[in-house]
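Trainee: Got a structure for you, written out below as structure tokens; questions coming shortly.
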Amino acid sequence: MTTAGYRRIIVKLSGEALAGDMPHGIDQATVDRFAADLVAARALGVTLGVVVGGGNLLRGATAASHGADRTVADVMGMLATVMNALALESAIERLGASARAMSAVEMPQVCETYERRAARRHLADGRIVLFAGGTGNPFFTTDTTAVLRAAEMGADAVLKATNVDGVYSADPKRDPSARRYDRLSLDEAIERRLGVMDLTAFSLARDHRIPIIVFSIREPGAVESVLSGRGRATIVGG
Ligand SMILES: Nc1ncnc2c1ncn2[C@@H]1O[C@H](COP(=O)(O)OP(=O)(O)OP(=O)(O)O)[C@@H](O)[C@H]1O
Ligand SMILES: O=c1ccn([C@@H]2O[C@H](COP(=O)(O)O)[C@@H](O)[C@H]2O)c(=O)[nH]1
């Protein structure tokens, strides 16, 4: 299967990338560009859910390594993902498309609470659903959330839009000799402990036979390119 066959997808959008050229925070121009990418992908007729990370604001494990309580830090990380999802929701709606942020952590004054059937209805109605607040539980990541929501929504694939152009034999930021894969199995990704996603996410994807497509979000139109089968990406599983 090529990446062109997917009709229902979950995009895992890097939180870190939302900072643009800044070390941290939310860069509005980058939010607007990612929103335009998502709207263009939706215009291909693809049913689209998005899980956004929080690495531009706070990662629980990092905060804990500096002395914070891990469970509190993880809650803060989940709140960071809500901020990112709200920024994207607003940017998508300003482009004239319909979007709905749904948080796994209840905050009714802020956005809808995640509920599986309601989310499926929003998708069926053509809305881009922004799954915020991670799984709602500490000790997980938004990569795992993306695979979980993909399984719940009956998605064909998870598109991991990040700051590297695929999966390598080692972290390419640390090892310049790392070799890039065009394709590999989920078993191989797990056995080789490839750090582009956590093991929980890869294992859940293997259990539910959900392929993960890893590609760089740096180029405008990246999501649409991957969905059209043109973009540079690594296909894991599938
Ligand atoms: N084998 C590997 N192949 C590719 N990238 C890898 C590998 N091992 C580690 N990485 C790192 O994984 C990172 C992408 O995963 P990560 O989940 O940290 O990013 P993200 O999606 O931008 O995160 P967040 O959403 O939390 O901001 C890359 O920046 C890359 O440096
Ligand atoms: O289910 C989840 C998802 C996320 N978290 C916390 O949020 C941050 C940000 O998510 P990233 O995937 O790292 O971008 C994460 O580091 C956790 O602290 C969580 O607790 N549970």
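Every residue gets a Cβ built from N, Cα and C, even glycine.
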Trainee: Report the candidate from Gly54, Gly67, Gly126, Gly154 that shares the UMP site with Asp74, Thr135, Gly136, Asn137, Pro138, Phe139, Phe140, Thr141, Thr142, as recorded in TrEMBL.
Mentor: Gly54
Trainee: According to DSSP, which kind of secondary structure is Lys12 (ATP binding site) found in, if we only use helix, strand and coil?
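Mentor: In three-state terms, Lys12 (ATP binding site) counts as strand.
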Trainee: Thr135, Asn137, Phe139, Thr141: which of these binding-site residues put a Cβ within less than 6 Å of any ligand 1 atom?
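Mentor: Near the molecule: none at all.
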Trainee: Measuring CA to CA, name the entry from the binding-site residues Lys12, Ser14, Tyr168 that ends up nearest Thr135 (UMP binding site).
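Mentor: Checked the binding-site residues Lys12, Ser14, Tyr168; minimum Cα distance to Thr135 (UMP binding site) goes to Lys12.
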Trainee: Under 6 Å from ligand 2 by C-beta, which of these binding-site residues make it: Lys12, Ser14, Gly54, Thr141, Thr162, Tyr168? Sequence order, please.
Mentor: Gly54, Thr141
